[in-house]
Ligand SMILES: [Zn+2]
Ligand SMILES: [Zn+2]
Ligand SMILES: [Zn+2]
Ligand SMILES: [Zn+2]
Ligand SMILES: [Zn+2]
């Protein structure tokens, strides 16, 4: 059945289910079935009919008002302002033409909604647009704004892209044979350049496409013949925004890929932030150019966001569902349902099987699961990390001691993930007076990354969401945090007499604003540097951690030697990765026991150790493949 | 370095090594460097210079007289007839334009050669062609003649093909990365449709491309993306002529492959014989047409024969050498030397690690060997076969008993391999009077297959060669053998009062002339049917072997039930495959111990059992992959 027949059949079914609604058109945009309706107000009353229809059709459905029934944005804005009482404090409108929605941001969203949504219905009747109300985010994120603006400006092109993708997804199945296999193209028996090809006779799905951050010359094996031509790939799926999982996505478009990128909304925004930063850092350090920002935008144009738990067709025989991975904002386990009940395989990405300050622990509840491709960063028998609570207590006591000596605490961190975990822990300690009257400075991309976190409160754990929504207490906007965004401010922070805590990038001291702090603070034994993340061999961070008393540094092209007199501490336990115990527990906790577990994303010995332990403990078949190998599952 | 630069450098080197020889041109034809010489007579004296040059250049070299220096064939024939004494009994001339050779077949080849080759030199001076003298084969093979004639008639086209292949082989290496991997496309954890893809960043080599004889719908997975387009394959290498290894080679040309097929000369001729028979049998049984004879010829046009032990460049980074596999005529172990010393991997094909009547046991002596892909037909712990000698004794005593009762012995066999082994054993028994005055009838393709054996005496074992060449005793032409080639002769054999032995195809009684014999001989308890080969489940042979007393039969479209009163015997030990003990011993006997052994070409349980036994016994890493999997070696 081609897409045209499919659509006309759908049209008949929709008309039968919604007799009072005037359906103008039905079409696919990417994986979503869009129903254009002339009288969308009718639907406001009959929400369940749509849900039922979606379930029957096994399709994601989006109702869009017929464009003719929408007031022009400027006019609509005026009408809404007249309807909504002033004390709602509406701060912005965003007209989403793709979905026929108007997003209304307000300080008091409850007032815009009205009793039982009465005001929303009034707005819709008056302007045609379907209103969505959001709390005005407490910190403005440039990235979120830029992404929104860019998608809006490329709306027409995007619509064409989505239609083509829709046709491709619904092209029908042609092969009688059934098989499922995965080729490992990067990130196997190593950390970095994660990339996997999931294949059936019908489909090719690329999962992640990362850089090897410690050696950017080493790409995934994208040139192998099974990927050629690149546009034979049906879909790219990104588990999370770290560069070792998405850093090379833009070059796919350089070499001919034109298809979709599926990811969660926060992953999309963080990915753009980190890819642009990757370009900037590369240029600053004189690395060969891997790609330029136009390709980041080209990739962005092809993104299709999916929230956790939403089942989505991404090819004729594959359905994708993202589940929380607990690793960073928007991080997901990508679950693929293949054929109609033929096979289920999940790629864990990086995951944390422990509840943290920010996230719930990784999901273990899948409708079905026959194979799991899982990370093994801490896969060795001795890779145990202290519990998060212990780690926090140690960090706070180290800070306390330093503050008591009137010293400063420097914490090098990556912008995304660990920074926010440390921030929330510090905020609580300050609020509960474990630490008193302390300023926490945020330098580098940390502030912007935090702003993106505040834009997606629904991706944080239930406790944090509850605090933000019901107790009006958003730890990210605590007055204890101060952004540092210029070198003069940086100098002030360094010169200040008061003790303070400084979170600055990069996490391993191979560049970034942390270098400037380190140069000035290293010589004073009152100060402390605290490592909360893994320090790779060969980095400056590793040398300091090992206790070098003098370290060579290059700043502004000048080489100097910095004496390290400051106190050097390491606090384990803040990792976003599951430790050995959590990895093992995760496999046991899975709601359906897989037949096969494949270990990746870890040094060779860790992948092998974890694979053999899972086999011995649970009698599940395991493998630790090499890059370029292919494993068959069906 | 492109092929042009390469050639001009070679030209300089050749000129420097052979100053007295007037080199007209140097070019690649396939893997071979052809040197056109104006005065080839000069070279007759300096044979070693060419050998040394070949070694220095690491190239196969062929000297060809400049076509201008060659007499036209008809004229040359006359001149040679005048030079050679009549009693040499020259029976035919064959002018090989590709090599500038004239093949002279004579009953007494020694006379044509003359004392220390004096006559050969005289011939060359007189006609320009380089003479090769061969003993007139005792049985004429239609296949061998047809193949020669076809290659002669497509000489011009073939030359163009070979030149293109030469350019492709010498295109140079471009990738900095080094890796080696093998994808299993058929014949893994099963017997049938053997097909493997050997890959490096530079090259793609397809090893074997067989049918699944028991289910011809099941091809190897030729449609997978790593093979697309098919013409991206550099070379097809065929280990031996059985259809489960070469039956689908012709369809490669249907789907776009245009490259070479490397095989031994007997494999080429047997392959053509068996492919044409495959078409004929398929048509007779009303199977869907897989390919037609034009594609068999198209494939033949692209064959490049290589004798055992000759090292040949087949791609920029891969050298192929064939070694004796002891399985059937021309069967080989394909050894690949990759990179300059990077890796060595051998595909055993089917092999016999026991000296048989026809062949030496499979080669174990390789310059280097890191990985072995080996067959596992008899890979289980209990797959032991009696020694050949025992098997022969049993067969002869069964025949003796039947003959004593004046009965007839029917032996169903495949045309190639087992038939000839049984023939030689019977010939010896008759010659040494263990069996007396017995006629052995050969029906079906057995006679033609035997004729091909007599055309390649150098591919038989040393003992047999010695008997043929030095003792003038060719067992294949014993007067005890009588060909049956018509249904009237067949009726005579059946009606004859005298006892006799009948070898007839097919080996499992699923068609062929054996059926007619069985129908008429089954009802008489004086007769005996002897199974010397494996009877697959579901075949008539298997039923008879199991002791069914009545079997249904369809002949000339009429169904009938045949009563089985004849004596039914099974003699194990004639297999062309190594039994379990031989498989294990082979691995131990290898001159260089491989790092990895991969088991294929056997039922799942046999592949797994053999792999695990080799691991346990020799501590060599083993794998038993599934079809569609890829294993990396470097
Ligand atoms: Zn990560
Ligand atoms: Zn990662
Ligand atoms: Zn196809
Ligand atoms: Zn064979
Ligand atoms: Zn075979």
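Yeah, the Cβs are placed from backbone N, Cα and C, and that goes for glycine too.
Automatic, uncurated: that is what TrEMBL annotation is.
The feature Zn(2+) 1 binding site is assigned by TrEMBL to A:240, A:242, A:327, A:350. The Zn(2+) 2 binding site annotation in TrEMBL covers A:244, A:245, A:350, A:601. Here TrEMBL flags A:96-171 as domain 'K Homology'. Look at TrEMBL and you will find A:71-138 tagged as region 'KHb'. For A:382-575, the entry in TrEMBL reads region 'Beta-Casp'. Here TrEMBL flags A:576-634 as region 'Metallo-beta-lactamase C-terminus'.
Sequence features, as recorded in TrEMBL, placed on the structure.
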| residue | record | DSSP class |
| --- | --- | --- |
| A:240 | Zn(2+) 1 binding site | coil |
| A:245 | Zn(2+) 2 binding site | helix |
| A:327 | Zn(2+) 1 binding site | coil |
| A:350 | Zn(2+) 1 binding site | coil |
| A:601 | Zn(2+) 2 binding site | coil |
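Here the region 'KHb' (A:71-138) returns a mean pLDDT of 88 for the predicted model. Using a 10 Å Cβ-Cβ cutoff, residue A:242 (Zn(2+) 1 binding site) registers 27 neighbours. Neighbour count (other Cβ atoms within 10 Å of the Cβ, all protein chains): 30 for residue A:327 (Zn(2+) 1 binding site).
With all protein chains in the displayed structure included, the most crowded Cβ environment within 10 Å among the binding-site residues A:244, A:350 is that of A:350. Across the fold, the C-alpha of residue A:601 (Zn(2+) 2 binding site) and the C-alpha of residue A:327 (Zn(2+) 1 binding site) stand 14 Å from each other. Only A:242, A:244, of the binding-site residues A:240, A:242, A:244, A:327, place a Cβ under 6 Å from an atom of ligand 2. With a CB cut-off of under 6 A applied against ligand 1, the binding-site residues A:242, A:350, A:601 are reduced to A:242, A:350. Cβ atoms within 8 Å of the centroid of the Cβ atoms of A:244, A:245, A:350, A:601 (the Zn(2+) 2 site) belong to the same-chain residues A:187, A:191, A:192, A:194, A:208, A:210, A:239, A:240, A:242, A:349, A:375, site residues excluded. Every protein chain shown contributes to the tally, and the Cβ of residue A:240 (Zn(2+) 1 binding site) ends up with 31 other Cβ atoms within 10 Å. Taking a C-beta cut-off of under 8 angstroms and a sequence separation of 6 or more, residue A:245 (Zn(2+) 2 binding site) has the following same-chain neighbours: A:194, A:208, A:209, A:210, A:238, A:239, A:349, A:350.
Between the CA atoms of residue A:244 (Zn(2+) 2 binding site) and residue A:327 (Zn(2+) 1 binding site) there is a gap of 14 Å. Within 8 Å of the Cβ centroid of the Zn(2+) 1 site, not counting the listed residues A:240, A:242, A:327, A:350, the chain contributes A:239, A:241, A:245, A:325, A:328, A:331, A:349, A:351, A:417, A:576. Across the region 'KHb' (A:71-138), DSSP classifies residues as 32 helix, 19 strand, 17 coil.
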